[in-house]
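Okay, so here's the structure we're looking at.
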């Protein structure tokens with residue numbers, strides 16, 4: 001069966017982000033159901049972020065031609081489903097489970113940058129509307145969190161791996177569809193300049209400060225990603241209610257992205273980063289002390305400020321840089337914010353959480369506050385004016 005590129009990519013994002021919407025909030029709950037403690041969970045999930053970083057870079061580097069992208073997505077999806085199914089067989093052997101989680105994180109993480117590479121290829125090739133396709137991915141994340149989160153509340157946390165296996169199998173099957181227009185290679189005009197290294201990019205003081213600031217802001221979400229579900233269920237909030245809390249946060253993110261250009265086109269990147277950092281400080285400072293469901297529900301709306309505003313700001317910064325730098329700057333952003341730093345902060349959170357869940361989130365607030373000291377003071381949308 002053949003489908004148009006827009007629908008092929010939309011279905012691919014649907015499968016990937018629906019499974020990710022179950023894995024991110026609920027996999028720690030599955031580990032807890034297998035009798036692993038909070039400190040061990042923090043270590044395992046923190047290590048998984050390192051594997052995600054390494055896997056994303058490794059598998060992406062293997063793609064040499066555009067027509068390899070879809071084949072890679074199919075193989076990575078199949079491997080993800082097989083490894084997830086195998087986790088149920090090794091759940092009670094820590095080291096085998098650790099290896100399985102590392103392998104899963106490596107192969108599954110590559111689906112995100114490779115999928116975005118396919119979107120970029122089709123965007124240049126046929127004018128694909130990436131924004132609309134990516135919104136389907138965000139909506140799929142909500143579907144995974146809310147619908148399948150509710151199912152988890154019914155069947156129990158011990159069956160999370162089987163729900164994930166089913167979703168990843170669906171993701172694998174829809175990858176087998178054939179696009180009507182295959183992705184094709186094109187040689188960029190500035191390809192001869194596209195040899196700048198990561199270290200060379202970070203030698204730019206402005207880029208270094210922006211990347212560190214964004215890494216601190218995004219990294220401060222570490223405890224939220226790993227322990228929010230565990231914490232909320234420990235204070236009497238049901239798994240199905242927890243899924244609603246995750247869902248409303250992502251919904252707020254989608255709404256902000258939809259209106260972001262209208263809201264922020266005249267606001268400098270520096271101000272946006274200050275707004276996001278301040279929101280993180282406030283959100284993490286109080287989240288561990290609120291036990292009322294509806295107050296937490298309202299607090300979750302701040303995800304639009306703590307995550308979406310920061311993401312919008314860094315993407316806008318990257319678009320102002322030379323074309324030959326953009327791909328590697330995206331890699332630095334994802335590697336630092338969603339890999340190395342969040343892995344470190346997750347491991348630290350795992351050591352604090354058994355003693356005090358509230359202080360775990362307060363520590364995240366302190367991390368976000370540190371961003372204030374590195375955010376460039378005057379960095380607007382299109383031109384670097386001044387930094388101190």
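Placed from the backbone N, Cα and C atoms, the Cβ positions cover glycine too.
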In Swiss-Prot, is the topological domain of residue 97 the same as that of residue 321, meaning both on one side of the membrane? no
Sort out for me which stretch, of 5-31, 71-96, 211-230, 270-289, 358-378, has the most Cβ pairs below 8 angstroms to the transmembrane segment (157-176). 5-31
With the greatest number of Cβ pairs under 8 Å to the transmembrane segment (358-378), the stretch among 5-31, 71-96, 211-230, 270-289 is 270-289
Within the same chain, the residues 6 or more beyond the ends of the topological domain 'Periplasmic' (231-234) and with Cβ under 8 Å of it are 29, 241-242, 245, 288, 296, 357
For the transmembrane segment (211-230) and the transmembrane segment (270-289), check the count of CB pairs under 8 Å (sequence separation 6 or more) and say whether it reaches 3 or more. yes
Long-range neighbours of the topological domain 'Periplasmic' (32-37), counting only residues six or more past its ends (CB under 8 A): 44, 91-92, 94, 97, 156-158, 160, 230, 354
